[in-house]
Amino acid sequence: MNAPAPSHALMNIAARPDAVMVRGEGSWLEDAAGRRYLDFVQGWAVNGLGHAHPAITRALATQAATLVNPGPAYFNAPALEFAARLAQLSGLDRVFPCNTGAEANEGAIKLARKWGQLHRKGAFEIITFHDGFHGRTLATMSASGKPGWDTLFAPQVAGFPKATLNDLASVEALIGPDTVAVMLEPIQGEAGVRPATLEFLRALRALCDREGLLLILDEVQTGIGRTGTLFRYEAAGIRPDILTLAKGIGGGVPLAALLATEAASCFVPGDQGGTYCGNPLMAAVGNAVLEIVAQPDFLASVRQRGAKLAEGLRALAARHRLGEVRGAGLLLALELGPDRDAPTLVACAREAGLLLNAPRPHCLRLMPALTVCDAEIDQMLTMLDALLAD
Ligand SMILES: *Cc1c(COP(=O)(O)O)cnc(C)c1O
């Protein structure tokens with residue numbers, strides 16, 4: 001028997017509801033039937049400025065009418081500005097603009113392997129972490145520690161031994177002559193917003209310095225203001241050798257970046273590239289996003305809204321006897337406890353006009369626009385309260 005023909009020609013890569021989204025504004029999405037949704041997912045923490053922010057619309061329209069893509073063989077002004085801004089804001093020296101988080105992480109892996117060839121006798125192993133998530137290319141899936149991904153699309157790319165988050169001894173035990181780097185998310189997002197402690201991040205920095213290893217931070221989800229500082233590593237008072245950014249840096253468009261210190265930046269022409277890497281259309285959006293998000297007042301407002309959201313979630317947890325609230329800034333998780341099924345709650349919330357995400361069976365993740373207002377946070381908490389009471 002053939003399965004019933006789907007009503008569309010898209011490959012079946014996600015379980016999606018029937019709604020077709022047609023427009024968005026700020027914290028709100030609207031579907032083709034005219035239903036409005038309060039969006040606390042924002043394309044998986046992508047739309048830091050919410051939907052249809054005028055600064056992004058303006059950057060796209062102006063740059064589209066000027067120059068879309070001369071190709072990576074030539075300089076263009078928005079890409080030069082993008083690199084200069086990111087270098088200045090991060091304290092790292094060199095920037096490779098690209099399109100997706102997975103692509104930035106592939107670049108980080110290649111850069112570390114090249115550096116190992118030059119400086120560590122061909123060492124190539126990168127210690128990564130159980131439950132980590134670094135993307136969906138073969139190498140980044142291999143670097144990820146998602147259960148089941150070791151056999152899906154086997155064989156894996158070799159060279160990614162797995163340590164346990166917040167367990168320094170588990171990292172030390174994996175260091176050998178082939179080790180070149182340690183790579184992690186400062187807060188594991190897909191794993192259910194599991195933070196590396198700030199002490200652990202500092203200890204990893206010290207360990208890498210002592211052993212002559214590169215520290216690679218994947219800030220695809222945590223970067224660009226999401227946790228209340230521009231980069232999460234600022235909270236630990238450390239700096240990585242290699243940094244990857246995506247999601248929030250583009251405010252919704254495909255834009256990512258690989259950053260490195262001068263000492264780690266060892267690509268030569270031919271090692272790395274991509275037809276769309278550094279195209280001025282996306283770089284112009286990145287500049288517009290950074291212009292807003294890097295303002296100290298803006299970051300202070302993220303911390304204030306994050307504190308309000310966390311406080312509201314803790315009150316709900318107490319009232320409905322749920323589990324812990326975790327995370328930083330506007331990247332938060334709420335543990336529901338073993339009796340409540342998160343995907344079911346997400347489906348009921350959508351019916352009620354609220355978009356939430358369930359990264360784990362009993363865990364909700366909240367990642368609203370960084371521009372979410374107090375009234376929208378209150379409205380979300382009221383809706384969630386009613387859903388939990390049912
Ligand atoms: C989303 C994500 C990625 C992958 O980014 P894409 O743009 O989807 O390729 C990598 N690392 C982390 C931490 C992420 O959250």
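Placement of Cβ uses the backbone N, Cα and C atoms for every residue, glycine included.
Same-site candidate for pyridoxal 5'-phosphate binding, as annotated by TrEMBL with Gly101, Ala102, Asp218, Glu219, Val220, Gln221, Thr275, chosen from Phe133, Phe153, Phe160: Phe133. Checked against ligand 1, the binding-site residues Phe133, Glu219, Val220, Gln221, Thr275 give Phe133, Val220, Gln221 as the ones with a Cβ under 6 Å from it, listed in sequence order.
Of the listed recorded positions, namely Arg136, Lys247, the sparsest CB environment within 10 A is found at Arg136. Cβ neighbour count for Gly101 (pyridoxal 5'-phosphate binding site) (all protein chains, 10 Å cutoff from its Cβ): 27.
Look at Gln221 (pyridoxal 5'-phosphate binding site): DSSP puts it in coil.
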